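Participant: Heads up, here are the entries from TrEMBL:
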{"type": "DOMAIN", "residues": "45-82", "note": "domain 'TRASH'"}
{"type": "REGION", "residues": "81-100", "note": "region 'Disordered'"}
{"type": "COMPBIAS", "residues": "91-100", "note": "compositional bias 'Basic and acidic residues'"}
Amino acid sequence: MDGLLTFLIFAGLFYVMMRFGCGAHMVHGHGDHSGHGSGGGKHIDPVCGMEVEVDKGYGKMYEGTLYRFCSKSCLDKFDANPEQYPNKPPDSGEHGEDLP
């Protein structure tokens, strides 16, 4: 009986911590940032000029700026010679921060 009571106490504490404590961020769908006003949600591929959505394509940090690429071949071209492409940040949203 003591084992069952101990288990129920720990299970209750685990539930409370996951619901209201360290696991609370998982409940509200933290992965969905569509309502956070992240601007247009697109970057411009510096290699080919295509628009790339924030959650698509490939990303690369270069000299403190995040660049997004439409394909692996564009990323490889950038990696081979990054100085060849404009060193201005891509469209970074309405608040001026780099988008992931």
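Using the three backbone atoms N, Cα and C, a Cβ is placed for every residue, glycine included.
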Participant: Mean pLDDT, the domain 'TRASH' (45-82)?
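Facilitator: For the domain 'TRASH' (45-82), the model's average pLDDT rounds to 88.
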Participant: For the domain 'TRASH' (45-82), what does DSSP give as the number of helix, strand and coil residues?
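Facilitator: Split by secondary structure, the domain 'TRASH' (45-82) comes out as 10 helix, 13 strand, 15 coil.
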